[in-house]
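This report refers to the structure that appears directly beneath it.
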Amino acid sequence: MHHVGHKFHEVFQLKPGSYTDLPAAKISEMMKSVSLDNAPTQSLLSVVNGILEESVERRNGELPHRVACLLRKVSQEIERRISTQAEHLRTQNNLFKVREEKYQSRIRVLEALASGTREESEIIASQLQHLRRTEKSKEEEKKVDVDVIRLTKEQEDNDIKIAALKQELETTKKANEVLCLQLEAEAKGAEEELKQVSQEYEHRLEELRTKVNELEASSDSKYQKWNKKNYQLQTALNFHCNSMQKLKSSWESIKQDVMKGKKVYAEECNQLGMNLKSLVHAAENYQVVLAENRKLFNEVQELKGNIRVYCRIRPFLPGQKEKQSIVEHIGESDLHVANPSKQGKDALKSFKFNKVFSPASTQVDVYSDIQPFIRSVLDGYNVCIFAYGQTGSGKTYTMWSNWSIR
């Protein structure tokens, strides 16, 4: 008994939110009939309220199966105790009624007996008077006196018994009334408490039903989603399996191709080795020819002249008139310029250059004529290129402008 009470004491000391954390073994031990029978009713109500508060505080309202079983078992035990107490009250009330009827019956009997004794006394007194009137013997008179005394004493005793029984009946009735009032108050309190607990249970049960419906709807939705996802995964798995089979077949084919390619590669490597030998020999001869070609190229450049002079004529800018031009003739390597301020031979001047670029010449044309000097630079020779002319004649444009600008 002490061990069971200690177990329930541990449960009642739990904080809210701890019932779902109880081990299944402890809950099973608490659900045994011996444990519930020995637990106080107030403690059982505390367990019910704690579990219900915990179910409300939980986000999803879901209770573990073992905790729900414990709640159902404790509720049944509370209902059984209330029903037993009500039955006990009805039995006690019936017992009090039976005892009251018994006392009332005894009182009626004693009152009837007392009434009979009075009548008998009156008869004897009448007989005594009659005997006295008839002057009977003194012995009969004494006998009658003795009977009168006896009957009078019996009547007094009966009166005392009746008074005692009435007093006892009154005391018992008052005690019964007090006990009945107390039992009725307890029954009314238990009934009110049962009604309140029942209303709370119905309210909590309605909330739990609502949450169960929501969870069922959510579970159905999740089940459909999982089925759809499972179908998609199964389809993807089948697709990947087919792809794996195709890849396996392709891998076998590629493996065969690789084996063939490896064989061909080995043959080509052998052939390439033979070709490389001939290329190495040709490269050695090429270096000799290249050195000779470089030497001949630079000799040709020296024969053309180490100092070369080019002339580039800037075209008219927008807004300028072509009639202002003093250039009379533009040749491949010569240029004739007219001087309006002079007459005769001095009016026309002729200039010779290695190359003359007309206004229509582009940067590409200029670079194509300068390209041999770039090659000489790469060959290790010193080359200097500079532009000379008046301001605005196009020196920077010729030296720095890209090919996209004409």
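Cβ coordinates are placed from backbone N, Cα and C, and glycine is handled just like the others.
According to TrEMBL:
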BINDING   Gly389, Gln390, Thr391, Gly392, Ser393, Gly394, Lys395, Thr396  ATP binding site
COILED    162-225  coiled coil
DOMAIN    306-406  domain 'Kinesin motor'
ATP site, defined by Gly389, Gln390, Thr391, Gly392, Ser393, Gly394, Lys395, Thr396: further same-chain residues with Cβ within 8 Å of the Cβ centre: Arg314, Ala387
Thr396 (ATP binding site) CB neighbourhood, other CB atoms within 10 A: 10
The domain 'Kinesin motor' (306-406): DSSP-derived helix, strand, coil residue counts: 29 helix, 20 strand, 52 coil
Entry from the binding-site residues list Thr391, Ser393 having the most other CB atoms no farther than 10 A: Ser393
Cβ neighbours of Gln390 (ATP binding site) where a neighbour is any other Cβ within 10 Å: 6
Other CB atoms, at most 10 A from the CB of Gly394 (ATP binding site): 15
Neighbour tally for Lys395 (ATP binding site), based on other Cβ positions within 10 Å of its Cβ: 16
